Amino acid sequence: MEFMQMSKKFTARFQEALSAAQSLAVGKDHAYIEPLHIFSALLDQEGSSIIAIAQRAGGQIGAVRQAVMQALERLPRVKNPTGDVNISPESMRLLNLCDKYAQQNGDEYISSELFLRAVYDAKGDLEQLLRANGLEKAAVVAAIDAVRGGEAVTDEYAEDKRGALKKYTLDVTQRPLDGKIDPVIGRDEEIRRAMQILQRRSKNNPVLIGEPGVGKTAIVEGLAQRIADRAVPESLKGKRLLSLDLAALLAGTKYRGEFEERLKAVLDEITKADGQIILFIDEIHTMVGAGKSEGSLDAGNMLKPALARGDLHCIGATTLDEYRQYMEKDAALERRFQKVIVDEPSVEDTIAILRNLQERYEVHHGINITDPALVAAAQLSHRYISGRKLPDKAIDLMDEAAAQIRMELDSKPEVMDKIDRRLIQLQIERMALEKETDAASKRRLSDLEAEIAAQEKEYADLEEIWLAEKAGNAGAAEIKEQLDKLRVELEAAKRRGDFARASEIQYGLIPAKEKQLLENEQQTEQRPHRLMRNKVTAEEIAEIVSRWTGIPVAKMMEGEKERLLHLETVLNERVVGQKTAVEAVANAIRRNRAGLSDPKRPIGSFLFLGPTGVGKTELCRTLAQFLFDSEENMVRIDMSEFMEKHSVARLIGAPPGYVGYDQGGYLTEAVRRKPYSVVLFDEVEKAHSDVFNTLLQVLDEGRLTDGQGRTVDFRHTVIIMTSNLGSDMIQLLAEKSYEEMKSAVMEIVMAHFRPEFINRIDEAIVFHGLAKTHMYRIAQIQLERLRQRLQTRELLLSVEEDAINQLVELGYDPLFGARPLKRAIQNYIENPLAQALLAGQYLPQSTITIGFDGTNFTFH
């Protein structure tokens, strides 16, 4: 048969190989396309069936490929190539043989593995090369039959459909045999329920539904572990659990129908396995609509007939939201699955899960993880990390804390690093002094030499300790790794029924390694001086939680305890004349940091009442500065912007269907990003009454649901609302007792706000009006800020007492608080200073003295 006529009968794979063989012959300046060119092209093909056959037949692919390349180099080259190549008579003979075999097999197309069979029957140079590299005819023919699986080649893409399970699925039952699955604990009920559904006569397809991170995939891995251990009912023994790789199934599907062909090939192979394969589809909702294009089926619809007939045993896994959004819409697909709800485990169950994973993570990181660290990981993640589920978030905490310790072990200790940098500095200084000849320099050089020697000795001593510690840790990590391998081997020996080997490992090798590990740890503990941490403790877990959330969970240092005990002093340095307010806020912060505050409510919620300019907002700023070392960590919301009813949506986000739904709310987004913050609602009485309805949940439960249905945690915020209500009463009753003044103000407040709102606030605090004595201290604070601004320009400021007293006189107004004083400083001090600075009157490093001569302020 002519080659051109025959080429229409080749499969797509064989056509690609022949095209590649032609390119290879042209590239190497050969006159003809020889069998070597075709075989080389088949070897280089991605997912080549020739490679699979050669491996089954016991050949070494690397050696075969090298031998073929050497044989190609020995072929004669054309001196002046024209770029035209023809198929050689030998190649044509082989292709005719392929056609003959195809007809004998009842194939409609000629597939590439027939070329390999033709090579052996033609008995040419290529056959001798293959035999020389361990590929015997009998083994190759048997491998060809195994790959074909007794099927005829009936379409152009038949080769792509072969081994569909191997290409598009992952064997989950093989993973426990290789020791690659972490132990699954506390999910016996769900695994038993899944097995129960799998044994049903119809609708024997469980779908695991639960929030992200609760362990749906782990349940399937637990089932695979039981199948591998044969700890399952008789009907499930010997079955294979395969996970569908949807990405591989979709990748590279260039033409319409290609995806459907691949999925159909997978389903056909599963059907042929006669119930011995269980297919696991993670994120099963992605099958609804996958591969859908105009006029074609999607993957979900292709699964339905196989599920209905019972040909396909399938386990699905998806989240509650995605099940509702995708699966429930397709009722025909949904009814073929039986739901298994997977709930979030409790903190106690999570601790048990972590204890079982502990050893795996210790082996991976080469460190120790203490039991208190596991308990802390479960408890702290449950309390402080919202928006994620146990056990996933607790495992992540443990993993990151272990990674931090591992990184420290691999790095040079801080004390050695400091000495190293100091030595470099001293050596540079020594090089400079060596060039000097005067007596002072020589004395300094002598002192320097002594210091360098002392530092080098200290560094050498520390390095010796460090290297010994590193060696000890490395030794312990190696023993743990060996123990892990022995345990995997023990399980494999039990499965094989090799009880002699199992007994040797269990009662001989494992106890010996455990004893060795104990001795190593005892030696490490006995070292008097330790440079490195090699254990994850509860403190490391708390550090990671603080880093993730910004919430100070870590154990308080003595310095912080001291600061908290004297918090009033710190706040009073900036907030003058408001002792009651400062005490109330300080007590709330202390309760929280001592762990005594209600964990279901905000740290504190206060309503600050008082006239303008008395320090309500300043106290909030001071508190933010104390808690976070920055005033920027205060979420300030000006409530005068929320005077309309519809403006509530700006706080929590627009509801679905409205413009801005995807942008989130101003308040909820700010707190979601910084859960530990001071939230200030300024001028709260100016807001619409409906705004307070949204705040009721925040004040009582410490949480708020935003427009997108996400719960935002307010339990670690200090909520402060400021108001000018009753400020005229404060002025009128300034001479009366604090309680009398407060009750008069609260009457006005109760008339404006609803009782349920007032009742949820921890404390309503009335700020006093400011007296002249307070104004003097405020003037000092304001001038100190001016002094700091001038320091950046290298200028010093000194203000005489007469000048401060005059500023107080000019800026004192009982109705307006401290703000008139600020304006007086601007007008009488800052404005003249600005003119003088621009005129160049003051040079850097000079001192500006401000006085008062009885009429005007003086500047010297």
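Note: Cβ is positioned from N, Cα and C throughout, glycine not excepted.
Feature annotations, courtesy of Swiss-Prot:
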- 6-150: domain 'Clp R' (DOMAIN)
- 10-75: region 'Repeat 1' (REGION)
- 87-150: region 'Repeat 2' (REGION)
- 163-344: region 'NBD1' (REGION)
- GLY210, GLU211, PRO212, GLY213, VAL214, GLY215, LYS216, THR217: ATP 1 binding site (BINDING)
- 345-550: region 'Linker' (REGION)
- 395-529: coiled coil (COILED)
- 560-769: region 'NBD2' (REGION)
- GLY610, PRO611, THR612, GLY613, VAL614, GLY615, LYS616, THR617: ATP 2 binding site (BINDING)
- 770-860: region 'C-terminal' (REGION)
Around the recorded ATP 2 site (GLY610, PRO611, THR612, GLY613, VAL614, GLY615, LYS616, THR617), other residues with Cβ within 8 Å of the Cβ centre, ordered by sequence, are PHE608, GLU618, THR722, PHE767, GLY817, ALA818
Among the binding-site residues GLY215, GLY613, whose Cβ has the fewest other Cβ atoms within 10 Å?
-> GLY613
Additional residues surrounding ATP 1, by Cβ distance to the GLY210, GLU211, PRO212, GLY213, VAL214, GLY215, LYS216, THR217 centre under 8 Å = ALA218, THR319, VAL342, GLU344, LYS389, ASP392
For the region 'C-terminal' (770-860), jot down how many residues DSSP puts in helix, in strand and in coil.
-> 51 helix, 15 strand, 25 coil
State the Cα to Cα distance, in Å, between GLY215 (ATP 1 binding site) and VAL614 (ATP 2 binding site), rounded to an integer.
-> 55
Rounded to a whole number, how many Å is the Cα of GLU211 (ATP 1 binding site) away from the Cα of THR617 (ATP 2 binding site)?
-> 42
C-alpha spacing of GLY613 (ATP 2 binding site) relative to GLY213 (ATP 1 binding site), in angstrom = 50
Number of other Cβ atoms within 10 Å of the Cβ of THR617 (ATP 2 binding site) across all protein chains = 18
Cβ atoms other than its own within 10 Å of the Cβ of VAL214 (ATP 1 binding site), all chains, total 23
Cα-to-Cα gap, LYS216 (ATP 1 binding site) vs GLY613 (ATP 2 binding site), nearest whole Å = 57
Using all protein chains shown, find which of the binding-site residues LYS216, LYS616 scores highest when you count other CB atoms within 10 A of its CB.
-> LYS616
Sort the binding-site residues GLY210, PRO212, VAL214, THR217 by C-alpha distance from THR612 (ATP 2 binding site) and give me just the closest.
-> PRO212
